[in-house]
Amino acid sequence: MVDYHAANQSYQYGPSSAGNGAGGGGGMGDYMAQEDDWDRDLLLDPAWEKQQRKTFTAWCNSHLRKAGTQIENIDEDFRDGLKLMLLLEVISGERLPKPERGKMRVHKINNVNKALDFIASKGVKLVSIGAEEIVDGNAKMTLGMIWTIILRFAIQDISVEETSAKEGLLLWCQRKTAPYKNVNVQNFHISWKDGLAFNALIHRHRPELIEYDKLRKDDPVTNLNNAFEVAEKYLDIPKMLDAEDIVNTARPDEKAIMTYVSSFYHAFSGAQKAETAANRICKVLAVNQENEHLMEDYERLASDLLEWIRRTIPWLEDRVPQRTIQEMQQKLEDFRDYRRVHKPPKVQEKCQLEINFNTLQTKLRLSNRPAFMPSEGRMVSDINNGWQHLEQAEKGYEEWLLNEIRRLERLDHLAEKFRQKASIHEAWTDGKEAMLKHRDYETATLSDIKALIRKHEAFESDLAAHQDRVEQIAAIAQELNELDYYDSHNVNTRCQKICDQWDTLGNLTHSRREALEKTEKQLETIDQLHLEYAKRAAPFNNWMESAMEDLQDMFIVHTIEEIEGLISAHDQFKSTLPDADREREAILAIHKEAQRIAESNHIKLSGSNPYTTVTPQIINSKWEKVQQLVPKRDHALMEEQSKQQSNEHLRRQFASQANVVGPWIQTKMEEIGRISIEMNGTLEDQLNHLKQYERSIVDYKPNLDLLEQQHQLIQEALIFDNKHTNYTMEHIRVGWEQLLTTIARTINEIENQILTRDAKGISQEQMQEFRASFNHFDKDHGGALGPEEFKACLISLGYDVENDRQGDAEFNRIMSVVDPNHSGLVTFQAFIDFMSRETTDTDTADQVIASFKVLAGDKNFITAEELRRELPPDQAEYCIARMAPYQGSDAVPGALDYKSFSTALYGESDL
């Protein structure tokens, strides 16, 4: 809130502390903030002191001559305080206490103190200027005191377009000299050095006194003397400067120039009436033009945002799964680009759109204009509905993508596992059907048939061992079907073929056993060693095949615990290898023993073991294969363990950052809530505090970017969960967006309150009273009052809205003003708008009509020429294009009706 208390605060002038004073009238305080260079100026450039002595002396004499006296030496003639008190009486029109006529130092000090006390009574706080320094003839202090008097009584009340003091005087000079060539007033020193600005001021108000076109920029002394002489002769402005002093000084003294120029301002102040009227019209028209631009910008921004939402929603609602992981990962990458690149600017646009809409409505209310109604379908509520639909479509889309990737990853793993097991099984079954159909036992010898029987028993053992693999193949195929694998048809066909073949093998095995057993009685027992070898070799061979299959089996894990479980299982497997090696050596020993017995008994063997196809060579070969696969498996598990350790590091890294950023965002949201409720200090202080707060929030953005980078690494590593934090990137993003939106809305609310206060002239005490009353009855700190809370607040402010018939009618009237939408809530902005309308005045159509009448010279119409002369070009053309021709009996050609135009500015018609 603006500190209106500063408007009544004492001025602080003085050679050493003038820059710290808070000047009344806005611009005065700003100007005095530059005055702390007084000592340095005088010490560094004696020419400035000389100019100030002459200017200040002439200015004092211009007033003292009204009392029939004057001064010769400014730092000597004020020492006794008598002429100083007389000067103050003349320029203020007030009587000072009776001076002391004694000649002693104490009498002089008392007189000077009376003068200084009078200056202080006018709201001027003198710092470091004491009566002793004036009595002692301190030139620096005396000049500082006179400059303070000039500022207070000659410059302070200058006001142009809501500016005052130095800024107002400078703006007045710029306005008056704008049409003149070679004149560019930007300050009160260099801009006046060539004398053209002084001549332009005189010519603008009294063109008959100056032949401006004959002046030359390269002859500054002539220009200055001409202006000074004309001002002294015709305008009663005493000559306060010497042309040679100005020209021969690199930078003329600013205070001397300001003092001299203020005399011109007061001399021509009578011409200000028409300019003030023109300024009022310019202000009204500028408000209207600005509002029209804001409306056009809102329509354009709203249309663009709604079109983007309309295009984006169908894309987010598309849930058609892809066939491969690569295609789904591309969809995930597209979604991340949308979240990182495309959506954040739209969030900012939506927030800015709401801010623009609220600002526009506030400006319309403050200028008594009708509320802005956007085109159909472009209301803020329409945009919020569309955004809500967008958020709903977006919700769950990323989760769906990740679930699809997991599903496809699982499918690829299962499909590869199915193909591997199916290939191993098909390789094992190759030739088995033909073998089982072979009728070799019909011509076999007794020893051969017994061998065939045992061979068949070994085969049955082998067949039983393969039952698990067939069941696993069928189970994997079933799971692929349940997960909707895209190549399920080929999987099912292959699985069905394996199952059919397995049933055939079972039937053929049963038939062959019956045939062998039928002839078993006629056969002798085959060598037990071969049988024992076959029985022990077959399961051992199957164990080795299973081991090789397991060692080559693909694995997929997502956590360090899972990979450690696989490593533990692998270590257990390796611990069985010594026992397996002993079993292998025992089996090979059986084979060697059979060979030894045959050789020792001169038995001629047919070659291979008749009971099994698993030869010692096959056992040794597969054993070597197992030995080779073990270190490869070790390496693969170690690599996966390293990967999972890296993933765990990424999880902990992200969690560490998220557990800081998440609470920080939550804390900032709570702090903003407290700030919006407490609202201490002026509105400008609150606005500056909130903007600093906003900058501190924006400066925190690199932490969020770091978190995004860490999250990107996690996503690229396909890490789907994180037990170390409850915060997800989605939570952080939403919290961040809400934080930025909340601080922006809070700043906008303060800015609108400033607009309301400045437009309505609400004082600091009033604003504090309104805020205190509102907060007192806002029990839940929600930023809005219910009807009963609002009624209690009005009663506390002195409104008669008690529970009777008349009071209820008055309360209903007020509620219709502060809650036109009947939402049942009264916001602080609506409360301030209502109280400002109740306690202050605003521009009206009658005031604008009266201003136009001044410009028209009291006529009932105005001409285009008069408008172009008195108003800036763009606003003059704005009026000419919209004013209807005047139809009165006193009309002249080209007459325009300014009354209907002024009424339309505050009515329902659209300019």
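Note: Cβ is positioned from N, Cα and C throughout, glycine not excepted.
Going by TrEMBL, these are the annotated features:
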type	residues	note
COILED	449-483	coiled coil
DOMAIN	50-154	domain 'Calponin-homology (CH)'
DOMAIN	163-269	domain 'Calponin-homology (CH)'
DOMAIN	765-800	domain 'EF-hand'
DOMAIN	806-841	domain 'EF-hand'
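When Cβ-Cβ distances below 8 Å are used as the criterion, the domain 'EF-hand' (806-841) is approached by residues 358, 362, 365, 749, 752-753, 756-757, 759-762, 766-767, 770-771, 774, 783-787, 790-791, 793-794, 797, 799-800 of the same chain, each at least six residues removed from its ends. Residues in the domain 'EF-hand' (765-800) partition by DSSP class (helix H, G, I; strand E, B; coil) as 23 helix, 2 strand, 11 coil. Each residue in the domain 'Calponin-homology (CH)' (163-269) gets a DSSP state, and the totals come to 67 helix, 2 strand, 38 coil.
Note on the domain 'Calponin-homology (CH)' (163-269): its mean pLDDT in the predicted model is 88.
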